[in-house]
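Quick one: this structure, given as structure tokens, is what I'll be asking you about.
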């Protein structure tokens, strides 16, 4: 059995590091109510996010329903699995049911179409604890981030990994040198899962593990696009920008857009022009690549863009700048989201008005918007609009938020009153049944057949009159031919 799974922590007090995050999770679980927002656990892979969620469920005696990247996560699947689980109780007798959505930032392509929207809807309607797990916090939809409490998991320092590795060696009766454990901890990059896997790979078929036995190459150390852009702009020193670009899981055209989107830090126009000249030349190579399908040109494009911009940045005072995704992407994302919301709104209104969405768009959208501005609350209630859909009609985000919040508060208040009324009715019914039971007269038991059979043959008991009974029997057994 793989040691990473064999020695997975079962309780929060067995977790290594991230004490602040674990304390935050424990406090959230202890004080959880239906109104509590879900948690987002985010950080590098392998630092204990999923294990801590399972350990929390074990400590709280909660049942677990998990949906990860290996499952299909379309809107229908999420609403069926997570949505149904989040709104119903446990069938196993557990106190509650914890919904874990692992790799929530990996909803991509047609396979996970509509998943992000479904997650947001599940969060709003959840009646059970919900935890989302992500490697990249900003890979999640903004709506989901705003609905959740964020808990950051940080990479573990090497010195905190060594005691855990030593404990595993002791349980496996394995002799391992201190230097070998230190090497494994340092090479893991704060990834405890990788460290345990490296120890397991080094110990296969051995009773003793030394420095020469350690499989240092077991961890694939990859750079992120943020590291590459920071190195290109001169914020960090690396041996080779080209080698670093090979370890980044992005294509050259994407790297070019990242660099271009962060050129606002350049000090003067002359240097800005020089940097854009390098990017322009690289873009020409990319164009030739797609035109000829000769992908060897990618290497030239990458070299020109990286070293061209890096050379311009020489002599600039070193410091720190926040590396951001290209602003164009954010604008495109907002436009795409607005278009999706608009099309959904038109479709819903067309269905309620018995006409097509295109007819609503071409003929009725303007008068509908005018009416919605005059009666926004009535429109929101009639068509069950959320903040985004109402904002499409009235073009006032602040008013839309206040109106939807007011409607949601009214719904919650009505729901509380109904629950309170139901509890009072149940209590009155229980009290009435109890008083009725006390007032019922004690009915003497009718002698049974066994009591007659227990009498002696010589002394037959005095039998009550059975004439009415016989009459009742005859009347109940009467047929069409009875006279």
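Any Cβ shown, glycine's included, is placed from N, Cα and C.
What Swiss-Prot records for this protein is below:
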type	residues	note
BINDING	43, 44, 45, 46, 47, 48, 49, 50	ATP binding site
COMPBIAS	417-442	compositional bias 'Basic and acidic residues'
REGION	417-483	region 'Disordered'
COMPBIAS	448-457	compositional bias 'Polar residues'
Tell me the coarse DSSP state (helix, strand, coil) of residue 44 (ATP binding site).
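Residue 44 (ATP binding site) sits in coil per DSSP, no helix or strand.
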For the recorded ATP site formed by 43, 44, 45, 46, 47, 48, 49, 50, which further same-chain residues have Cβ atoms within 8 Å of the site's Cβ center?
135, 153, 191, 193
Among all protein chains shown, how many Cβ atoms are found within 10 Å of the Cβ of residue 46 (ATP binding site), not counting that one?
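Result for residue 46 (ATP binding site): 23 other Cβ atoms within 10 Å.
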Counting other Cβ atoms within 10 Å of each Cβ, which of the binding-site residues 43, 45, 48 scores lowest?
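Output over binding-site residues 43, 45, 48: least Cβ neighbours within 10 Å is 45.
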In the structure shown, which of the binding-site residues 44, 49 has the fewest Cβ neighbours within 10 Å?
44
Looking at the binding-site residues 47, 50, which one has the fewest other Cβ atoms within 10 Å of its own Cβ?
50
